[in-house]
Structures are given as C-alpha cells and as structure tokens.
Amino acid sequence: MSKNPEYIVAIGLSAGGVHPLHELLNHLPTELNAAVIVVQHLHRAYKSMASSLLRMHTSLPVVTVKNGMPLEKGHIYVLPENQMMTYADGCLWLRERKPEEIINRAIDILMNSMALPLGSKAISVILSGLDGDGSKGSLLIGQQGGITIAQLPITAQHPSMPNGALGIGEAQYSLTPKAIGELITQIVS
C-alpha cells in the first residue's frame, strides 16, 4: 500500500489560531488519505513547540519538517521557526527566512508552490490571524481546482486572515474549526 498522500492540506494560522487548529485536528480520522502541513506565524526569536503541543490533540504522527522531507499520508508536518517552506515533487523544501522578509508570507509561499502541481488535490485552510498571509495562495489553489476553506470569521479571535481568504482569496467555504475537520475528512475519503 502506498504511503503517498492523495491530497495535501495546507493549514495557515497566526494570532489566535492555535485553539481552532487543535479543534480541527480533533475532528480528523486516525486514517487520513492526506498529508497535513501546518504553517504558524512565529516571532523570529520564539522557539517553536508546535510539534509537541499538536501531539496532544491528534493521534496522527506529528513531524517537524526537515529539508527535502517526503510527504506521507496520515502525517502532520510542522514548519520549523525562522524557515520558509515550498512543496515540489512530493517533498517539502526549506530555506531560511531572510532578514528583509519583515512581513511573514510563509503561508502564501507554501500554498503558491502547491497550487499548480497539485491542482484539485490541494486543500487550503486559513485560520485566525492578524494579517493577509494565505489569501493569495488560497486564491491560486482555488484557481487551479483545489479546495479553499476559511475559518468562519465570527469564530476567529483575529479574523483578518480568514476575511482575507474570503475576500482576496475567494475561499469556497467559511466554517467553524470542527466543520473544517469534518469537511476535510469527507473530501479525502
């Protein structure tokens, strides 16, 4: 049986997005025909504990990404701090975040790299956050036939990112975190 995921889900979040992420992950099945990539905005000086914290909210394996890491279905991949990540040829590729990259666009960078090669097998999810990161990447995924989802803004502590995904990004769905998990399960089954 192949370990290659049929779908790849990119989840972007920033301020106020951790609790919705936990809720979403709690509603994914233990057998998932997708790889899930989590991109969380962090301050440059902050040491990420995302992988260890996420393990408490899912039975799926949680891995901090290493350069050139191949994706496997049923795994959750977490962007390490001070890195930018792209997708190519079934793998995740890292580079250091440059000092001049003052505004963090890690979500758009990942989603932009996924859109063309994955087409209808790409799923973007934008959760709570303070800026517009993810809206352009979400738009591109949708234009290539992928599924685009935003957290329902009234359920977001900071609705700027979900609103951007709904406006600029033209997200196809606006749902609660629980409903996002349920929709992903339905799509990839």
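The backbone N, Cα and C atoms fix where each Cβ goes, glycine too.
In TrEMBL, annotation is done automatically, which means it is predicted and not curated.
Straight from TrEMBL, the features:
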type: DOMAIN; residues: 2-189; note: domain 'CheB-type methylesterase'
type: ACT_SITE; residues: Ser14; note: active site
type: ACT_SITE; residues: His41; note: active site
type: ACT_SITE; residues: Asp133; note: active site
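Candidate active-site residues: His41, Asp133. Fewest other C-beta atoms within 10 angstroms, His41.
The average pLDDT the prediction assigns to the domain 'CheB-type methylesterase' (2-189) is 94.
Asp133 (active site) falls outside any helix or strand according to DSSP and counts as coil.
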